[in-house]
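Features reported for this protein in Swiss-Prot:
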ACT_SITE  Arg229  active site
ACT_SITE  Glu258  active site
ACT_SITE  His276  active site, proton donor
BINDING   Arg148, Ile149, Asp168, Thr200, Cys227, Ala228, Arg229, Asp253, His276, Leu277, Gly278, Ala279  NAD(+) binding site
DOMAIN    452-524  domain 'ACT'
Amino acid sequence: MFRVLVSDKMSNDGLQPLIESDFIEIVQKNVADAEDELHTFDALLVRSATKVTEDLFNKMTSLKIVGRAGVGVDNIDIDEATKHGVIVINAPNGNTISTAEHTFAMISSLMRHIPQANISVKSREWNRTAYVGSELYGKTLGIVGLGRIGSEIAQRARAFGMTVHVFDPFLTEERAKKIGVNSRTFEEVLESADIITVHTPLTKETKGLLNKETIAKTKKGVRLINCARGGIIDEAALLEALENGHVAGAALDVFEVEPPVDNKLVDHPLVIATPHLGASTKEAQLNVAAQVSEEVLQFAKGLPVMSAINLPAMTKDEFAKIKPYHQIAGKIGSLVSQCMKEPVQDVAIQYEGTIAKLETSFITKALLSGFLKPRVDSTVNEVNAGGVAKERGISFSEKISSSESGYDNCISVKVTGDRSTFTVTATYIPHFGERIVEINGFNIDFYPTGHLVYIQHQDTTGVIGRVGRILGDNDINIATMQVGRKEKGGEAIMMLSFDRHLEDKIVKELTNVPDIVSVKLIDLP
């Protein structure tokens with residue numbers, strides 16, 4: 001049974017994919033109430049209230065995936081998640097329309113003084129001259145960050161007859177033309193816009209993006225909107241600009257500290273403030289819960305997730321193409337690790353053929369994960385394999401090869417240790433499956449699975465016969481045997497597979513055979 005803890009309030013309709021599944025148990029409790037059973041959950045679903053910290057990861061020892069029902073993941077320690085091998089997903093599309101509409105409602109309210117006029121009328125006043133506003137038509141809207149939400153806002157602004165100037169370092173001219181916006185530098189947006197709205201994540205680069213210095217570059221009378229993340233606008237700088245008259249008004253849905261207590265900015269008469277309502281519509285709450293539920297269900301079935309924060313994103317079709325190589329990469333990593341009983345400094349991976357056009361970083365991490373699992377006593381998977389390798393002083397690299405091996409696709413790995421190097425080449429052949437086709441320069445062909453024995457020996461008469469006799473005397477049936485050599489009478493290798501694991505005494509007997517150099521036991525899934 002795959003156990004899911006839902007620690008924040010979510011739409012039950014959105015959770016239906018999990019509720020209806022016959023192999024998933026869903027528990028709706030906050031973290032404190034679930035304290036005694038935290039170690040039993042495979043998945044955790046949160047909104048913004050639950051803080052997913054190092055301490056929580058340490059308690060949730062079975063945790064494999066965290067789903068954030070929303071876009072922002074500020075409340076989740078992504079580095080700790082990665083370190084613990086936990087995938088973090090979000091719902092990047094679920095609240096796009098809701099947030100875009102809220103942003104535009106804030107813009108309209110700010111331009112027409114709607115909240116202030118509403119309070120005035122309810123106070124039995126009728127002061128029309130005090131609330132003369134400005135039209136949106138003909139104004140320039142500056143958008144900082146043209147992601148999904150920014151694009152929806154641009155579309156609505158154009159419908160109001162506004163000119164839209166956008167700063168986004170990843171915006172191409174082609175996309176700008178398609179959306180109908182003007183691509184500008186950040187400074188150009190500051191200088192030209194009548195209204196500026198920010199739609200970026202909160203990062204080291206965007207924290208305080210609109211500060212005393214940058215606000216001073218804006219038009220006098222500019223209006224500023226933040227429905228993205230608290231901290232993108234420096235609140236102290238904004239308050240100063242409102243008080244000196246440079247900024248004509250601000251609409252804020254997010255704050256540096258939430259809820260904002262004793263906040264002079266919130267109290268300012270030219271500020272419209274809402275309590276982080278961007279995603280607070282019935283439709284958005286249903287959408288984000290449904291999106292993360294579907295993703296967690298996919299994960300529980302062993303299928304790829306589309307919105308992982310700390311893994312490469314890929315579609316089902318892309319995953320279908322990559323899956324065979326992902327599986328064999330983990331196996332060859334494990335094979336090398338079990339054969340090299342020495343400290344390792346470097347893992348170099350090479351891709352050849354059409355596989356090189358796929359998301360090779362995912363395959364690389366699968367290989368690293370397979371390599372590290374026999375060597376460490378902590379959780380290792382594709383999420384944290386790179387970090388675990390670096391912690392242990394193991395460098396890794398990947399490159400694309402243009403050489404011809406005779407196979408449509410190949411993965412090769414060269415592992416460098418204190419005393420030796422080890423190389424393996426593998427491929428996947430449709431209808432025939434996974435194959436190891438080279439080990440340490442020896443051509444060979446075998447299916448990497450189950451109980452294996454890798455033998456290095458001299459190519460002399462009788463070695464194979466003596467190996468067979470020892471195994472037969474111990475009632476061991478050989479499932480498959482492959483041999484490889486470079487030249488007659490020189491070094492050779494033998495790879496055998498069995499239906500069960502070999503006992504140590506049999507390995508010792510094999511090791512004592514004349515002309516056998518080494519015997520390595522390998523167990524693969």
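The chain as shown is numbered from 1 upward.
Each Cβ is built from the backbone N, Cα and C atoms, and glycine gets one as well.
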Counting only residues 6+ apart in the same chain, whose Cβ is under 8 Å from the Cβ of Gly278 (NAD(+) binding site)? Asn95, Ser98, Thr99, His102, Thr103, Cys227, Asp253, Val254
Per DSSP, Glu258 (active site) is which: helix, strand or coil? coil
In Å, how long is the longest CA to CA span across Arg148, Ile149, Asp168, Thr200, Cys227, Ala228, Arg229, Asp253, His276, Leu277, Gly278, Ala279, which the record gives as the NAD(+) binders? 25
Counting distance between Cα atoms, which of the recorded positions Arg148, Asp168, Glu258 is nearest Arg229 (active site)? Glu258
By DSSP, how many residues in the domain 'ACT' (452-524) are helix, how many strand, and how many coil? 19 helix, 32 strand, 22 coil
Most Cβ neighbours within 10 Å, among the recorded positions Asp168, Glu258, goes to Asp168
Provide, as an integer number of angstrom, the distance between the C-alpha atoms of Asp168 (NAD(+) binding site) and His276 (active site, proton donor). 24
Integer Cα-Cα distance in angstrom, His276 (active site, proton donor) to Glu258 (active site): 9
In the three-state scheme derived from DSSP, which category covers Arg229 (active site)? coil
What whole-number Å value do you get for the CA-CA distance of Glu258 (active site) and Arg148 (NAD(+) binding site)? 25
When you tally the Cβ atoms that lie within 10 Å of each candidate's Cβ, which of the recorded positions (Arg148, Cys227, Arg229, His276) has the highest tally? Cys227
